[in-house]
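As written in TrEMBL, here are the features:
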DISULFID  C58-C73  disulfide bond
DOMAIN    87-237  domain 'Cupin type-1'
BINDING   N132, H137, E142  oxalate binding site
BINDING   H135, H137, E142, H183  Mn(2+) binding site
Amino acid sequence: MIIDDAMMISQATIIKSSKLKQVFGFSTMTAHLLLFGLLAAGCSLAFASDPSPLQDFCVADQNSRVFVNGLVCKESRLVQADDFFYRGLQLMGNTSNAVGSAVTPVTVEELPGLNTLGISMARIDFAPQGINPPHTHPRATEILTVMEGRIQVGFVTSNPQNRLITKELQKGDVFVFPEGLIHFQKNVGNGYAVAIAALSSQNPGVITIANAIFGSNPDIAGDILAKAFQVDINLVYQIQSKF
């Protein structure tokens, strides 16, 4: 079946290439390259984010031992309303920590009904001067809405510009962080602050930069970090000891 499909695709490619050659006067090689380029672009768009559902829903079966890219679907006859329900975002997170913030995620791990739907969300609480330290979501764009307080936000563009784009937000303001870029938030008000974030993946992932670099397991070699940050190696060891 796979071989037959491949032959059909190959034949279709040859036919389309011939038409491109006839209509636009391209050489055979140019026509082939153009067609494969268009096919590649189409595939790239099709798989650029979480896969679309092929049925009404695919509630995650969190007890399944089958490992797939995502989570296995629970049998539809066993699905209940609670599979699409989460309670808890009305509760303030515990901000008594080194960074003064707390993130309450609602991903597919907390809400199985999100499986294959390509969305999730989180509540972020900030103590006065608390921060959500620089981090990135490898699989999602984030859109943040300030519910209470004043929050400074920002993200850094990729190499070589490494441009900082930052703004101070107030209650009701919305800001978007592009997928994969390092970003942060800081409470710049005198009281507590709250924000709600929506993300374009059921499982956006998070990489906190400081934790990843200085708290990896096992440690990244001190001489590598000393050269990368252009600091004394003893300072690297001092920072690593905090993670």
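In case you wondered, yes, glycine gets a Cβ from its N, Cα and C as well.
Note that TrEMBL annotation is computational and uncurated.
Keep in mind that what you see is a predicted model, and the values were worked out from it rather than measured.
Sequence features annotated in TrEMBL and their locations in the structure.
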{"residue": "C58", "record": "disulfide bond", "Cβ contacts under 8 Å, 6 or more apart": "C73, N115, T116"}
{"residue": "N132", "record": "oxalate binding site", "Cβ contacts under 8 Å, 6 or more apart": "V99, S101, V103, I124, F126, F184, Q185, K186"}
{"residue": "H135", "record": "Mn(2+) binding site", "Cβ contacts under 8 Å, 6 or more apart": "I182, H183, F184, V206, I207, T208, I209"}
{"residue": "H137", "record": "oxalate binding site", "Cβ contacts under 8 Å, 6 or more apart": "F177, E179, G180, L199, S201, P204, G205, V206, I207"}
{"residue": "E142", "record": "oxalate binding site", "Cβ contacts under 8 Å, 6 or more apart": "V176, F177, H183, A197, A198, L199, S200, P204"}
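A Cβ within 8 Å of the Cβ centre of N132, H137, E142, the residues given for oxalate, is found for these other residues of the same chain: A122, H135, T136, A140, L144, F177, H183, A197, L199, P204, V206. What surrounds the Mn(2+) site, by Cβ distance within 8 Å of the Cβ centroid and not counting H135, H137, E142, H183, is the set T136, A140, F155, F177, L181, I182, P204, V206 from the same chain.
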